[in-house]
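Q: From TrEMBL, for reference:
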- B:24-48: transmembrane segment (TRANSMEM)
- B:96-115: transmembrane segment (TRANSMEM)
- B:122-142: transmembrane segment (TRANSMEM)
- B:153-342: domain 'ABC transmembrane type-1' (DOMAIN)
- B:154-177: transmembrane segment (TRANSMEM)
- B:198-219: transmembrane segment (TRANSMEM)
- B:225-244: transmembrane segment (TRANSMEM)
- B:289-310: transmembrane segment (TRANSMEM)
- B:322-344: transmembrane segment (TRANSMEM)
Amino acid sequence: MQAALVVVTLLAVWGAVSNAQYNLTRLNMTSGFGFLERGTGWNYSFSLVERSINDSYAYTLFIGLLNTLFVGFICIVTTTIFGFLIGTMRDVRHPALRFAASVYVQIFRNIPLILQAIFLYAILIHMGGPRQAVSLGDVAFLSGRGAMLPGLNVSPTVAVALLLASLALGVALILARPVFWRGLALWAGGSLGLALAVALVLRPEGESLLSLPELQGLRFTGGISVPIELFALIAAITLYGSAYVAEIVRGGLAQVPRGLVEAGQALGLSRAAIWSRIKVPMALRSIIPPLGNQWIFMMKATTIGIAIGFSDLFYITVNAISQSGQTLELIAMLMLTFLAINYSIALFTNWLNARLQLKEH
Amino acid sequence: MAVAEIIPPSRFETSRRLFLKRGFGSPGSLAISVIVFVVLGWIAWSFLDWAVLRAVWRQENVEACGQGGACWAVIDARHRLILFGTYPFGEHWRSALAALAIIATVVLSCLPAMWQARRLAALWVLGFASYYLLMEGSLLGLPQVTTDGWGGLSLTLFLFAAVVLLGMPMGLGLALMRRSEMPVVRWFAMGLIDTIRSLPLVTTLFTAAVVVPLFLPSWLEGDKIWRVIIAFALFFACYQAEVFRGGFQAIPKGQVEAGKALGLGYWSILGRIVLPQVFRHALPSTINMVVVTFKETAIVTIIGFFDILASGKTAFGTAEWAPYYIEVYLFVAAIYWVFIFSLGQYGEYLKRRMTLSER
């Protein structure tokens, strides 16, 4: 039986390969990775780093990977924070808060993500130019051209470096294993302090620390400009994903034994202290594994960027396929990349979970 | 005072008191209540005002649109396109009946009387067959409509039913292979499950639509829609296999050993002892998986199928209806929401019922 499976699989692979060879020669396509060196000659919507339409395929794909990782990482952070907030609201005793949170979860969890993204994108794109922009306290603006946010007065490269440094600090803190809340405070404080210090040193001569967007004539200057595709994608994934994370968090909080909460009450702890010192640290142990799955889901969800024209890795790959015709090589690269990304996230969450387990004495 | 005078308050009374105490008992909680209800009330009122009170409903009154109310006239004019896509206009009754057949199949399989593998399988095959016969038509002596002409809500329901129907046995097969004592079979299943689960669905479907034809001889290539359905079913199967695995793990080893001691073979033990319990244990997660699958069918719009999302886009694609995209998207979202919410609530109810019966 096993031998039969092996033989059938080998036969199928052999058949597929010979067919592929036959079809490729019929279509006059050459296989191999030589095309990666060629220039692409086409443009796309978003890049974190310098790019031109003469970039090679390899470099363009790298930009796509960077975009996917960037969006995925931002979505993971925003979704986790927002999901914890909503999930906690579903767990508190106050009926109005519970009601509001469950309305949120029931609306955003039960509509397909891609529909939410396309819908949001359509609404944003119809918002009109910078002059009709919606202002948030005059420091952030949202218009049909995108979102303008206040930012540190540093170059994009420095900003990416700061982001990576903050990430490294987080990993280092998990390694050092402090009390959860102290760790979180150290991480937030450290990242913020580092960012401010770097901005203080590296800002352009004589300019302020923060760069605020400002309407000058027909366009905004200063600040961070977030293209509309990127904004819609992040917002849609965050809205959808945090409804799921909220359910995970609620489930985790509900699993904390009542006795522990009552012990906290007997000690006279406030409700906030019970939540932060007893419930969350205990709940994290049952939250992390499904949360890790949700993170992987979010990484995969970035591929719907293609529906609203955001140039993530999938978008770039599909474009590269239609332009170069190197279907097999590009699909193989795409799949291997996603396998690698998701495998790393799985390893990370397993490791995090092992770190957080209670020590048996 | 006599003991009999102390009557416990009714459950309703208790929850009413708790509600009042927790929501309005202290100044802080009162303030939160007021803020939350004012904000929610304001949102609900503005929506009601826009969507109902100031809305334009009939296609004839389209001139009245665009004055601060919803323009449901676009739905009145274009709902056939959204629901049935480019299906021939005169044959829309077939598409409607076919969609109803799928909905009836889903509703019927929620009845406990149907919860036997044989009945469920028969029901789904029947529902799917009646859909196909009605939509395709040639076997019933109706004008033939090929799959290219299918669209809208009907196509979404078709993809959903086909994926679940094909994916369920595939998932069971993968789950059995994963538990096999033969290492090669086990590794094969594990590799396949882990790989498919790590890939975004849209890449899997894209591969099936665009890349797989390169590997297949032309006689095996088939329709694009069937290749995508098979790939989608494989995706479903890989997740469902993990759901079944959870069900298998819930069954004590002793039962299988008892079966062996009685001299039953592998298939008898599986079919008569193990599987009935596995299905029962896996039911809530299976419903969850089915709900997720329905939601994920929206992805096929990316690889160029004319599902309800794409037909909705076409519905406001003309200059006349272009300003009313919000109404169309809300209509499509409401359809999805009703399906997914009711199935999800049913799954929750079932989970509660099953945990109660296990106590």
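Glycine too: its Cβ is placed from the backbone N, Cα and C atoms.
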Q: If we skip the immediate neighbours and take only residues 6+ beyond the ends of the transmembrane segment (B:154-177), which ones have a Cβ under 8 Å from one of its Cβ atoms?
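A: For the transmembrane segment (B:154-177), the nonlocal Cβ contacts are 83-85, 87, 95-96, 98-99, 102-103, 105, 124-125, 127-128, 131, 135, 185-186, 188-189, 192-193, 229-230, 232-245, 248, 270, 290, 293-294, 297-298, 300, 305-308.
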Q: In the same chain, who gets a Cβ under 8 Å from the transmembrane segment (B:225-244) while lying at least 6 residues past its ends?
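A: Same-chain contacts beyond the ends: 147, 159, 162-164, 166-168, 170-175, 178, 189, 192-193, 196-197, 201, 204-205, 207-209, 212-213, 278, 282, 285-286, 289, 292-293, 297, 300, 303, 305.
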Q: Using Cβ atoms and a strict cutoff of less than 8 Å, what residues sit near the transmembrane segment (B:96-115) while being 6 or more residues removed from its termini?
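A: Counting only partners 6 or more residues beyond its ends, the transmembrane segment (B:96-115) has Cβ contacts under 8 Å with 83-84, 123-124, 126-128, 130-131, 134-135, 153-154, 157-158, 160-161, 279, 283, 343, 346.
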Q: Let me spell it out: take the transmembrane segment (B:24-48), skip the flanking residues so only those 6+ beyond its ends count, and list any with a Cβ under 8 Å from a Cβ in it.
A: none
